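According to Swiss-Prot, the protein has these features:
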{"type": "COMPBIAS", "residues": "209-236", "note": "compositional bias 'Basic and acidic residues'"}
{"type": "COMPBIAS", "residues": "288-298", "note": "compositional bias 'Basic and acidic residues'"}
{"type": "COMPBIAS", "residues": "331-345", "note": "compositional bias 'Low complexity'"}
{"type": "COMPBIAS", "residues": "357-366", "note": "compositional bias 'Polar residues'"}
{"type": "COMPBIAS", "residues": "382-396", "note": "compositional bias 'Polar residues'"}
{"type": "COMPBIAS", "residues": "411-422", "note": "compositional bias 'Pro residues'"}
{"type": "COMPBIAS", "residues": "453-497", "note": "compositional bias 'Low complexity'"}
{"type": "COMPBIAS", "residues": "639-651", "note": "compositional bias 'Polar residues'"}
{"type": "DOMAIN", "residues": "3-134", "note": "domain 'ADF-H'"}
{"type": "MOD_RES", "residues": "2", "note": "N-acetylalanine"}
{"type": "MOD_RES", "residues": "141", "note": "phosphoserine"}
{"type": "MOD_RES", "residues": "142", "note": "phosphoserine"}
{"type": "MOD_RES", "residues": "241", "note": "phosphoserine"}
{"type": "MOD_RES", "residues": "344", "note": "phosphoserine"}
{"type": "MOD_RES", "residues": "379", "note": "phosphothreonine"}
{"type": "MOD_RES", "residues": "383", "note": "phosphothreonine"}
{"type": "MOD_RES", "residues": "385", "note": "phosphoserine"}
{"type": "MOD_RES", "residues": "387", "note": "phosphoserine"}
{"type": "MOD_RES", "residues": "393", "note": "phosphoserine"}
{"type": "MOD_RES", "residues": "394", "note": "phosphothreonine"}
{"type": "MOD_RES", "residues": "468", "note": "phosphoserine"}
{"type": "MOD_RES", "residues": "550", "note": "phosphothreonine"}
{"type": "MOD_RES", "residues": "658", "note": "phosphoserine"}
{"type": "REGION", "residues": "209-497", "note": "region 'Disordered'"}
{"type": "REGION", "residues": "633-677", "note": "region 'Disordered'"}
């Protein structure tokens with residue numbers, strides 16, 4: 001709400017006011033009112049008639065202010081009265097708005113003693129206004145009021161006050177004190193401001209120091225991190241260098257160890273080769289061949305067996321010299337077809353030799369060639385796979401076998417005309433006499449060895465039937481066994497023995513082909529049959545097993561005329577001739593020597609003993625390899641069912657088919673070839689040993705020394 005305004009008509013208001021308060025002026029009142037529609041105060045009228053004249057100028061529709069000077073007889077100075085006129089017709093809102101303007105108007109007009117509020121002329125009473133002006137100063141006109149005033153004055157107590165007389169010194173002290181405190185207050189404010197500044201500076205300095213410390217710590221951490229990374233990198237490089245050195249060292253050690261192993265293997269190989277070469281050289285230089293003794297025994301036995309019958313030439317290209325094994329015991333019953341295809345081969349002392357099939361070498365190279373080449377000087381030994389040798393032989397025996405293989409394979413067969421006898425042939429010539437003397441000693445014991453007879457070269461007939469692997473693995477009986485069982489004439493025995501002597505003589509002296517073994521011979525003065533003890537006194541009867549007779553060759557007989565095993569078993573045995581009486585019964589042979597027993601029980605024996613035991617097997621393996629290289633594998637005919645490869649036999653004794661020498665066949669026809677005889681089922685094996693060791697004393701001493 002806006003207040004009263006004096007600015008619009010300020011000069012007029014003050015001029016009228018001055019006229020009223022001034023003593024020299026005749027005017028004693030002035031009337032003021034609001035300008036239309038505003039709060040600006042203005043002068044309405046003025047005069048000299050006092051309260052009576054002033055009360056006549058008030059209006060009922062306005063709010064007006066009257067300033068009047070009243071003179072009192074009892075007072076020396078006039079009194080000033082301010083009348084607040086509010087007309088009856090003034091709106092209430094205007095009344096409320098102007099109620100607050102009274103104090104400001106009284107303040108504007110200084111010296112107002114009494115303010116009188118009036119809304120009508122009756123409210124403006126000169127006596128009442130004078131009474132109020134004279135209250136406390138003049139005596140009251142009423143006696144009652146006078147008594148009351150006196151009574152109040154008597155009972156009134158003195159009023160206390162703090163007013164004192166002004167003292168200059170005290171006032172100076174007070175002023176100085178105030179100045180001091182003001183100065184102190186200012187100083188305190190300055191101090192506080194300085195403290196705030198100092199605190200702020202300290203805070204800033206602390207923050208800076210903290211930031212600097214953090215920066216230094218960060219740099220220190222980074223420095224430590226870099227140092228740690230450098231250390232780790234150096235350690236990694238050192239580790240890598242150590243690993244590289246370790247790898248180089250291991251590689252060097254491996255290379256050194258590999259070189260050492262290679263040197264050791266090479267030295268071991270050289271040592272083994274030197275031992276084999278030395279053994280082969282010693283074997284080649286010995287005067288007597290221990291195998292020749294058994295060949296002569298086989299020839300004698302075959303010649304004796306041939307004297308009991310007169311067989312025709314065999315229609316098959318069968319290899320002669322297959323001895324009759326004394327360990328075979330055939331059964332008397334059982335069909336041949338079922339047993340030959342279903343039964344398994346028996347266990348033998350030489351399992352590898354049993355199942356290993358070799359071609360017939362006798363059709364291309366004679367026995368004399370092999371023996372003469374074997375007596376020649378040895379050559380370097382080529383390496384062979386371990387599978388080519390027998391599983392029962394020792395490493396030394398395998399090496400000896402390789403040496404003999406190299407000797408026999410590297411020497412070409414000599415030309416047909418006999419060359420002049422050399423020193424070596426002259427040295428080996430006395431070996432026949434020594435062998436004959438040894439034969440005489442051995443025949444004193446109750447032993448008989450199956451011999452071999454020369455076989456004429458015949459054209460190989462193609463196999464009639466294709467053989468199966470099972471039938472190929474079946475073992476057959478040697479033709480010498482059939483020859484011993486078949487009847488023969490005594491006259492043929494003498495001729496066969498003479499042929500054997502002539503073949504031995506040519507074999508040991510000239511080392512050439514034996515094409516004249518069966519033709520260019522002279523009858524011997526004395527038969528080797530007489531060398532056997534008792535001259536037939538200890539001869540035994542033929543074996544109980546039936547033998548298939550030898551089929552005649554050519555047009556005399558055909559393959560269909562060969563009786564089967566069952567049919568042959570029903571025929572009566574022929575009478576034993578005079579030549580057959582000289583043969584011993586193989587069932588009555590003594591036990592074989594312990595050196596040719598089951599090799600599976602001799603694993604723990606010494607090297608020397610194993611070399612002695614496996615020498616025949618190693619030498620025979622050489623012949624088997626030569627047979628495989630020089631001649632295709634012919635087939636034999638079984639009991640009318642399928643063809644069977646030559647090189648299989650039912651069982652092995654000391655002279656198994658795989659272990660025996662492959663005797664060469666002559667190109668000219670020989671006396672006879674006994675047919676093969678087969679069993680209905682695999683025969684039983686009688687593992688026996690001979691009392692006498694067939695190895696010569698010189699060879700035993702040499703191999704025992706190794």
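Yeah, the Cβs are placed from backbone N, Cα and C, and that goes for glycine too.
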For this session: Take the compositional bias 'Basic and acidic residues' (209-236) and count its residues per DSSP category (helix H/G/I, strand E/B, coil), listing them in that order.
Result: 28 helix, 0 strand, 0 coil
For this session: List the helix, strand and coil residue totals of the compositional bias 'Basic and acidic residues' (288-298) as derived from DSSP.
Result: 9 helix, 0 strand, 2 coil
For this session: Can you see whether DSSP assigns residue 241 (phosphoserine) to helix, strand or coil?
Result: helix
Exercise. By DSSP, what is the split of the domain 'ADF-H' (3-134) into helix, strand and coil residues?
Worked result: 45 helix, 36 strand, 51 coil
